[in-house]
Amino acid sequence: MCGIIAIRSISSSVIQVSFDELAKQLKASIATINHRGPDSSGIHVSSDDYLGLGHARLSIIDLEGGQQPLHDEDQLIHAVVNGEFYDYDRIREDLVQRGCHFQSHVDSELVIHLYKVYGQNFIHHLRGEFAFVLYDETRQLLFAARDRFGIKPLYYTVFDGKLMIASEMKAFVPFGWKPEWDIESIVQMGDYNDNRTVFKGVHKMPPGHLMTCTRGGYIEIRTYWDQMYAPSGVVETRSIEEMVEGVRARLVDAVRARLRSDVPLAVSLSGGIDSAAVAGIATSLIRERDPEAKEDVDEGPIAKRMAESIGAIVHMVMPTEEDLVCAFQKVVYHAEQPVTSLHGAGKLILSEHYRRHGYKVTLSGEGSDEVFCGYAFLMPDFLRMRDFTARTLDIKQPDDAERVAALAKCEARRPRQDHSSLAEMSFSDSQVGRSMLGGISTHRSFASWSLFDSVFSAAALNQVAFRDRCLIAAEGLSPVARDRMSSGQWHPLHSALYAWTKTGFTNLLLNSAGDRSDMANSIENRTPFLDHILVDYVNLLPPSVKIMPALQDEGHATEDTSTSRKWKFTEKWVLREAVKPFVTAEIYNRTKVQYNAPISQPTRESQSDTKFSLSPLQAMLKAKLTKGSVENLGWANWNHIEATLQAYLNSPVCPADGGLDKRARILLSMASFVILQDRFNVPKATFT
């Protein structure tokens with residue numbers, strides 16, 4: 001993994017800086033993201049000074065070669081690449097047979113030769129996690145793309161007659177860009193719902209999209225890949241055994257592809273089936289090559305037993321709440337967005353641990369819940385409609401009356417997103433927005449990530465004409481996908497998966513708790529479950545093999561929806577069956593437990609004392625959220641923030657699942673804005 005930068009003049013009226021000045025700016029820009037690639041760096045400035053490319057390298061493959069920017073043998077095509085391409089040997093061999101001459105053994109060089117052979121269609125030959133910029137000097141055409149799921153970040157903005165593209169927004173600062181709050185985006189949750197950021201004029205390159213920019217400044221962004229699901233009710237001709245084997249074969253291949261590395265590799269093992277499957281498969285594949293090999297893994301007691309079963313070396317990482325609170329402030333700076341949990345902080349501490357032990361590459365189980373339906377909040381949308389393919393597979397299902405009763409019970413159990421001590425905290429759920437999403441309810445769970453109107457000043461709210469966040473979320477999705485959702489072509493479970501994957505997963509989890517926490521310590525994390533070949537296959541499987549219904553005395557109990565007959569539902573059923581040969585019985589039978597960073601229970605000085613001693617999290621929030629710091633944002637309602645803070649300090653609630661209550665999430669989000677303003681020198685917002 002690496003950091004990339006590109007700047008391209010798109011206005012003839014703007015005075016060009018000199019070669020030396022542009023080179024100086026590129027080097028300063030690289031320095032801001034040096035954590036992404038501390039091993040080496042390089043720049044390229046075009047002969048007319050209209051284009052500059054910069055690269056900070058984390059060397060994983062071909063450690064001595066592979067310097068970037070990359071160039072073809074004629075010095076007419078140039079590229080900077082962040083990420084990893086798989087199937088390198090096969091693709092390289094094909095390109096060599098077509099007459100291509102490689103100058104290194106680094107996988108990044110594939111983009112140069114694939115482009116020369118296939119033109120812009122070369123993007124379809126790439127497998128992996130990546131973001132890159134390519135420049136065709138002959139055509140004076142700039143080409144940029146981001147991987148299918150948005151594992152690797154890529155931002156762009158037009159400033160002072162120049163198109164700027166970078167792995168992180170902080171890399172724009174040396175070119176003269178000055179961040180300003182985007183009030184409309186902040187109020188509408190644009191950083192979560194769509195491709196906006198919290199900074200005015202800066203956008204995320206959408207996952208699965210490519211950009212072209214001509215010499216005349218015409219910028220076009222197009223889709224090259226999107227998630228598609230099986231039509232609802234299609235007749236299934238495969239057997240369940242074929243589906244299980246199909247998943248197993250593709251997952252093993254995805255792990256195999258991601259084991260290629262010229263530096264040591266470790267696996268993050270949490271005790272869940274996702275990471276255990278990756279560790280078990282990786283160990284099996286490594287021992288095919290070296291029977292004495294041992295893998296390094298990290299995490300807790302169940303994970304330790306799994307590690308012992310595969311003969312891995314175990315490193316335990318046990319962060320304290322104080323460690324997490326300290327790391328949180330670093331995560332906000334690196335993520336460049338408001339952060340509402342401590343998940344990213346835990347990930348950052350884990351990446352620090354890897355780095356201290358000499359690792360650059362890790363494998364993890366991220367993405368499994370999004371592909372195989374591992375979240376509890378998906379259950380109502382699974383029950384919302386019968387899976388008509390189940391009958392052809394001889395899968396028992398609740399009848400319609402049982403299903404409707406089970407759905408009502410699930411909806412009643414859905415946690416309320418408000419809190420009795422808070423003012424109005426409505427999450428809009430308009431009929432139009434709900435209709436566009438095909439009637440699903442999963443998006444309501446997303447409210448726990450959001451800020452509500454009462455957090456904002458009246459002046460800020462007056463600046464934003466439209467605040468229906470449900471409708472905004474729906475409008476941020478692909479029109480093609482919305483048509484399939486609203487017309488019932490997709491089962492509601494698949495519609496819910498699509499909506500979540502395109503919002504919370506890509507924009508939050510893969511960012512603040514993904515790439516940014518890993519790359520803060522120069523760690524490349526590889527995610528086999530997000531291999532698009534595997535995902536394309538799983539997406540076409542019927543809902544009932546992802547969440548398997550069974551009468552209560554059969555299978556694994558994960559959800560008891562008592563009616564006249566008692567049903568239970570096994571999440572990620574087809575994955576469990578596929579990885580059964582690679583995991584322990586304990587892991588195979590274990591139901592999903594949500595990961596929550598360890599937060600201490602509030603304590604009193606004495607039994608009669610009515611006040612709590614502040615926990616590290618509370619102390620940090622109290623220190624960050626002062627009247628001066630909150631009012632200096634320019635758009636926040638200090639009276640509401642103060643009341644929320646005092647309520648949380650005086651009567652903290654620790655949910656039974658170990659998570660954070662809604663007040664803590666709001667306060668973490670507001671503290672994030674204070675941290676961002678301080679680190680990025682964002683001026684106070686003003687309103688006219």
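Glycine is no exception: its Cβ is also placed from the backbone N, Cα and C atoms.
Residues annotated as active site, for GATase activity in TrEMBL: CYS2. The Cβ of CYS2 (active site, for GATase activity) lies under 8 Å from the Cβ of ARG36, GLY37, HIS55, ALA56, ARG57, LEU58, GLN68, VAL80, VAL81, ASN82, GLY83, SER167, each on the same chain and at least six residues away in sequence.
What TrEMBL lists as L-glutamine binding site is ASP107. ASP107 (L-glutamine binding site) falls within a helix when secondary structure is assigned with DSSP. For ASP107 (L-glutamine binding site), the count of additional Cβ atoms within 10 Å of its Cβ stands at 25 [all protein chains shown].
In sequence order, SER268, SER270, GLY272, ILE273, ASP274, SER275, ALA276, ALA277, VAL278, THR527, PHE529 constitute the residues six or more apart from GLY365 (ATP binding site) in its chain with CB-CB distances below 8 Å. The ATP binding site annotation in TrEMBL covers SER364, GLY365.
Here TrEMBL flags 2-216 as domain 'Glutamine amidotransferase type-2'.
Annotation comment: TrEMBL describes GLU366 as site 'Important for beta-aspartyl-AMP intermediate formation'. For the recorded site, GLU366 (site 'Important for beta-aspartyl-AMP intermediate formation'), the DSSP three-state label reads coil. Within the same chain, residues at least 6 positions away in sequence whose Cβ sits under 8 Å from that of GLU366 (site 'Important for beta-aspartyl-AMP intermediate formation') are ASP274, LEU509, LEU510, GLY514, ASN525, THR527, PHE529, LEU530.
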- Note on the structure: Rounded to a whole number of Å, the separation of the Cα atoms of SER364 (ATP binding site) and ASP107 (L-glutamine binding site) comes to 21
- Item | Per-residue pLDDT averaged over the domain 'Glutamine amidotransferase type-2' (2-216), given as an integer | 94
